[in-house]
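Copied from Swiss-Prot, the annotated features are:
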type	residues	note
DOMAIN	1-140	domain 'MGS-like'
BINDING	HIS8, LYS12, THR34, GLY35, THR36, THR37, SER54, GLY55, HIS87	substrate binding site
ACT_SITE	ASP60	active site, proton donor/acceptor
Amino acid sequence: MKIALIAHDRQKPLIVKLATAYQPILAQHELFATGTTGQKIIDATGLSVKRFKSGPLGGDQQIGALISENKMDLVIFLRDPLTAQPHEPDVNALIRLSDVYEVPLATNIGTAEVLLRGLDQGLMAFREVVHDQDSNPINL
């Protein structure tokens, strides 16, 4: 699966801890991240992460573009709900796209853990089933 990892500045230490704790699970998947978040995860874990621009410089939009092309399967976006963000419209657009394209999205550590544990247990096959049905329609 293709997984995006994003975190606001005050949440970056937390997403690094998450990536460290779930490194064996994350290592089995293709990882993407905004610039600084991705570098911090790489430095802490050695995981392979495709990095985009920093969120305020368009990284959120780059990940949103992948979502809109059905090229992203899961998004972990640890937001800082107590600090105003200069790129808040980009953040809202990314969340909206996740809803439109039915991409599982975690915006806090509790939900992120549930998604990663579910992924590890094979409980997140919905998108794969939908993609298989879309590419192999059954004619009745």
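Cβ from N, Cα, C; glycine included.
Of the residues the record lists as binding substrate, namely HIS8, LYS12, THR34, GLY35, THR36, THR37, SER54, GLY55, HIS87, the two whose Cα atoms sit farthest apart are 17 Å from each other. Sitting within 8 Å of the Cβ centre of HIS8, LYS12, THR34, GLY35, THR36, THR37, SER54, GLY55, HIS87, and not among those site residues for substrate, are the Cβ atoms of ILE6, ALA7, ASP9, PRO56, GLY59, ASP60. Here the domain 'MGS-like' (1-140) returns a mean pLDDT of 90 for the predicted model. Counting neighbouring Cβ atoms within 10 Å of each of the binding-site residues (HIS8, HIS87), the lowest count belongs to HIS87. Neighbour density around each Cβ, counted as other Cβ atoms within 10 Å, peaks among the binding-site residues THR34, THR36, SER54 at THR34.
Within the same chain, the residues at least 6 positions away from the residue listed as 'active site, proton donor/acceptor' whose Cβ sits under 8 Å from its Cβ are ILE6, THR34, HIS87, ASP90, VAL91, ALA93, LEU94, listed in sequence order. Per DSSP, the domain 'MGS-like' (1-140) is made up of 76 helix, 20 strand, 44 coil.
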